[in-house]
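Undergrad: According to TrEMBL, the domain 'Major facilitator superfamily (MFS) profile' annotation covers 38-491. The transmembrane segment annotation in TrEMBL covers 38-63, 75-95, 104-121, 127-150, 162-183, 189-210, 304-323, 353-371, 378-396, 402-425, 437-456, 468-488.
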Amino acid sequence: MTLLNRQVLEVAGLVTMETYTTDDALTAMGFGKFQALVLVYAGTGWLADSMELMLLSFVGPLIRQQWNVSAQHESLLSSVVFTGMLIGACSWGYISDKYGRRTALLFSIILTTGAGFLSALSPNYTFLLVFRFLVGLGVGGTHVFSSWFLEFVPTKNRGTWMIVFSVFWTVGTILEASLAWVVLSRLSWRWLLAFTAVPCFLLLLLFIIAPESPRYLCVQNRLSDATVVLERVAKANKVSLPPGVLTYHKETQLVGLDQNPISQNGHLPVRENDCTVDNAMSSKSGGIEALRILFSRKLLRSTLLIWFVWFANAFAYYGLVLLSSQLSDANRRCTSGQKSEVRQKNVNLYKDVFITSLAEFPGLVISAIIVDWLGRKATMWILLFGCCAFLGPLAVHQKESLTTALLFGARACGMGSSTVLCLYAPEVYPTSARSTGVGIASAIGRIGGIICPIIAVGMLRSCHQMEAILVFELVLGVAGVACILFPLETKGREMK
C-alpha cells in the first residue's frame with residue numbers, strides 16, 4: 001500500500017488489518033507437541049480398530065468348535081463385521097461433516113467399546129453376530145481419525161506424518177497376534193474379545209482432551225472457536241499465531257480507527273463475517289451439499305477413481321492377510337491330499353501373521369521416503385505394480401520359504417499403497433465434504449473386504465490357485481492404471 005493510499009484511508013477513518021488462514025497458522029506453528037498428542041490419540045484409534053479386525057483371524061475356528069457351527073456360519077462372522085463397517089463408513093462420514101469430527105469420534109468410540117465388551121459376554125452365536133455387527137458399525141468410523149489428524153498437520157511433510165500415523169495400524173496387527181498367542185493358550189476366546197476392546201475404552205476416557213478440527217470450525221463459520229483451538233496449539237508448541245485475523249480465505253480487511261484492533265490475548269479480534277463461506281452452505285455441509293461437491297464436474301473423475309483404487313487396495317490388503325494363512329495350507333492339501341493337524345495349523349497361523357505383519361514396516365518406510373519426493377500418484381502406482389510383481393510367481397506352487405518371501409514383499413507394497421491412498425483422498429476433497437468423501441470411499445473398500453474371502457479362501461480350497469492369483473493381478477493392475485489417471489497431484493498442496 002502506498003503512502004498516499006494510507007493517508008486517504010486514515011482520513012476516512014480506516015486502517016488495513018492483516019488476515020491469515022488455517023494453513024498459514026499451522027505452517028507458522030509447525031509440527032509440535034500439540035500435533036504429537038493428536039497423533040498419539042488418533043493413532044491409538046487406528047490401533048484399536050486394526051486389533052478388532054485382526055481378531056477375526058483367530059476367534060472364528062474356536063467359536064466354530066465350541067458352538068458346533070458350520071463353516072458357512074463361521075464365515076458369516078466376518079461378513080457381518082464388514083457389513084457393519086460398510087454402513088458405518090458412510091454414516092460416520094456424514095455425521096463428521098454435519099456435526100463435527102469430535103461428535104463422530106465420540107459415538108463411534110462408544111459403540112465400538114460397548115459392543116466389543118458385550119461380545120465377550122455373548123450367550124450364543126446369534127448374540128455374538130449382533131454384537132460383532134455393532135463393532136463393525138463403530139469401526140467404520142476409522143477414517144474420521146485420519147481426516148481429523150491431517151487437519152492439524154502443516155502442509156510441509158504431511159505425507160511423512162501420515163506414514164508415521166499408519167504405523168499404529170501395523171502395531172495393532174502385531175499386538176493382536178501377540179495377544180491371541182498368549183491369551184488363547186491359557187484362557188478362552190471371550191477374554192481375547194475383552195482385552196481387544198481395552199484400547200478403545202482408553203480413548204473414551206481421554207476423549208475430553210480431544211479438540212475439534214479448526215478447519216471444520218472455520219468452514220462452519222465458527223471462526224472464534226477455530227481461533228481458540230489454534231491458540232491452544234500455539235501455546236502447546238510455544239510459538240505465536242501469525243498477526244491479524246483468522247479468515248477462511250487470505251484477504252485484507254478494513255476496520256475503523258475508532259475500533260479496538262487488539263484483543264486481550266494480543267491478537268486482532270476475530271470477525272465472524274470475515275469467513276467467505278456462505279452460512280447456508282455451511283449448515284448443509286455433510287449432507288446433500290457434500291454429495292454435490294463430490295460429484296461436481298471438478299471432482300467427479302477423482303471421486304470415481306478413488307472409489308475403485310480404494311476397493312482394489314482393500315481387496316488386496318485383506319486378501320493378502322487371508323493368503324498368508326491359506327496359501328501354504330492349500331499347497332500342502334492340493335499336492336498331498338492330507339489335512340494338517342489343528343495344533344500345527346494354529347502355530348503356522350501365528351507365525352504367518354507375525355511375518356506378514358512385520359512386512360508392513362518396510363512398506364511404510366519406502367512410502368515415507370518417496371511420497372514427498374515422487375508425489376502421491378507415482379508412489380501409489382509404483383507400489384501397486386510392485387505388489388503385482390511379487391504375487392505373479394505365486395500363480396504356481398512354490399516352496400514354503402519362497403511363498404512367505406513373496407507374500408512379505410506383496411504385503412509391504414500393499415500396505416504402502418493403502419497408506420498413501422489414505423493420505424491422498426483427504427487432500428483431494430475440501431473440508432466441507434472431506435469426511436463424507438473419504439467415508440464413502442472407505443465403504444466401497446469394505447465391499448472389497450467382503451468379496452476377497454471368496455477369492456482368497458474359496459478358490460484356494462478348491463485348488464484353483466492360479467485363477468485366484470490372476471484375479472488379484474487384474475484388480476491391482478487396473479488400480480495402478482487408475483492412479484496414473486488421477487487428475488490431481490496433491491504433493492505440497494494446501495488442504496482446501
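Here the Cβ of each residue, glycine as well, is placed from N, Cα and C on the backbone.
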Undergrad: Go through the chain and flag residues at least 6 beyond the ends of the transmembrane segment (75-95) whose CB is under 8 A from any CB in it; none is fine as an answer.
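TA: That would be 52-53, 56, 59-60, 63, 103-104, 107-108, 128-129, 132-141, 143-144, 286-287, 290, 435-440, 442-443, 445-447, 449-450, 453, 457.
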Undergrad: Out of 104-121, 162-183, 402-425, 437-456, which stretch has the largest tally of CB pairs under 8 angstroms to the transmembrane segment (38-63)?
TA: 162-183
Undergrad: Using Cβ atoms only, state whether the transmembrane segment (402-425) and the transmembrane segment (189-210) have three or more pairs under 8 Å that are 6 or more apart in sequence.
TA: no
Undergrad: Taking the transmembrane segment (304-323) as reference, which of 189-210, 378-396, 468-488 has the most Cβ pairs under 8 angstroms?
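TA: Comparing 189-210, 378-396, 468-488 against the transmembrane segment (304-323), the winner is 468-488.
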Undergrad: With an 8 Å cut-off on Cβ pairs and a sequence gap of 6 or more, do the transmembrane segment (468-488) and the transmembrane segment (378-396) reach 3 or more such pairs?
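TA: Contact criterion met.
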